[in-house]
Amino acid sequence: MSTNPIQPLLDVLYQGKSLSREQTAELFGALIRGEMSEAAMAGMLVALKMRGETIDEISGAADAMRAAAKPFPCPERNNNPLHNGIVDIVGTGGDGFNTINISTTAAFVAAAAGAKVAKHGNRSVSSKSGSSDLLAQFGIDLTMSPETASRCLDALNLCFLFAPHYHGGVKHAVPVRQALKTRTLFNVLGPLINPARPEFMLLGVYSPELVLPIAKVLKALGTKRAMVVHGSGLDEVALHGNTQVAELKDGDIIEYQLTPADLGVPLAQISDLEGGEPAQNALITEAILKGRGTEAHANAVAINAGCALYVCGITDSVKAGTLLALATIQSGKAFELLSQLAKVSGEALVNGQERGR
């Protein structure tokens, strides 16, 4: 008879049965603490994948990872009457398209337009250049301390939180994920475990089948308001076709579709949004933020920033949000913000504030 306390939970999964939210949190807690063998980890992830993860199981895994995360000292949420919450603009990755860095660039635009954006990101999943790869090109320190990141959020309306810096326990799963060579629950967990605990989210998913389930997970996790989107193959709001949406608002979830026309912009081709290596994508992002990007690039960023501005209540419609985002892009304010963030990041390193992290 096994003395391993998690073995009975694994046995439930191996029988094709579901775990409760609490049971899943217990399993993932063991994984994060390094108390699960790689064989058991692989068995757990495959068993969940083959049956299909439930809302409770995804929520429980997120609970465990949130609880184990390095704390993030959020700026006082109540000291500013205009500051009614933090928003994240994030995608699962894994959509298979090598696009420009839409959500990362949109984060600068939304912040310059007045949103408080704490973007949780990692290195590339589906493209040649993930959010962290891009930021490194601009000299933004990926591992700035939580205190420095919090100051950036307070002063500049924006910070970037590098996932491995806050979720050290995930390293135990890396060899297994690489060996399995298939999507697992970890592919959807990243956007759910932002240590800033954003009240608002624009969350893109790689599959249309995930849109409603992930909206239900966000509701279970206590997210105040969100749009979960899949845009004609992309984990973003689409410029090249329809976007499937599940919007969480006031505890209810409504499903609908958005077209580029609904957002006030013309249709474009997916090929117009093709990205490259980090250095090339950095030049593209810089051009967009200076108001000198191509129409398709500017519009793709604006519709995503616009939906984030709508979700956090700065505008009362996605179309109004897109118009505000386009005006912000043309003003050059978003590029000024990027320059300020890089400056603060560099000063923190020079002053030694990032030591002893």
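Cβ coordinates come from backbone N, Cα and C, glycine included.
Less than 8 angstroms from the CB of G91 (anthranilate 1 binding site) sit S103, P191, L203, G204, V205, Y206, D235, E236, each of them six or more residues away in the same chain. According to its DSSP assignment, G91 (anthranilate 1 binding site) is in a strand. Sequence annotations record features per position, and here Swiss-Prot assigns anthranilate 1 binding site to G91, N122 based on sequence analysis.
The 5-phospho-alpha-D-ribose 1-diphosphate binding site annotation in Swiss-Prot covers G91, 94-95, T99, 101-104, 119-127, S131. Packing around T99 (5-phospho-alpha-D-ribose 1-diphosphate binding site) is summarised by its Cβ count: 22 other Cβ atoms lie within 10 angstroms of its Cβ, all protein chains included. The DSSP secondary structure for T99 (5-phospho-alpha-D-ribose 1-diphosphate binding site) is strand.
In the three-state DSSP classification, E236 (Mg(2+) 1 binding site) falls within coil. Here Swiss-Prot flags S103, E236 as Mg(2+) 1 binding site.
Applying an 8 A CB threshold to same-chain residues 6+ apart, the list for R177 (anthranilate 2 binding site) reads L45, T184, F186. Annotated anthranilate 2 binding site per Swiss-Prot: R177, in sequence order.
What Swiss-Prot lists as Mg(2+) 2 binding site is D235, E236.
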Once the chains shown are all counted, how many other Cβ atoms turn up within 10 Å of the Cβ of E236 (Mg(2+) 1 binding site)?
28
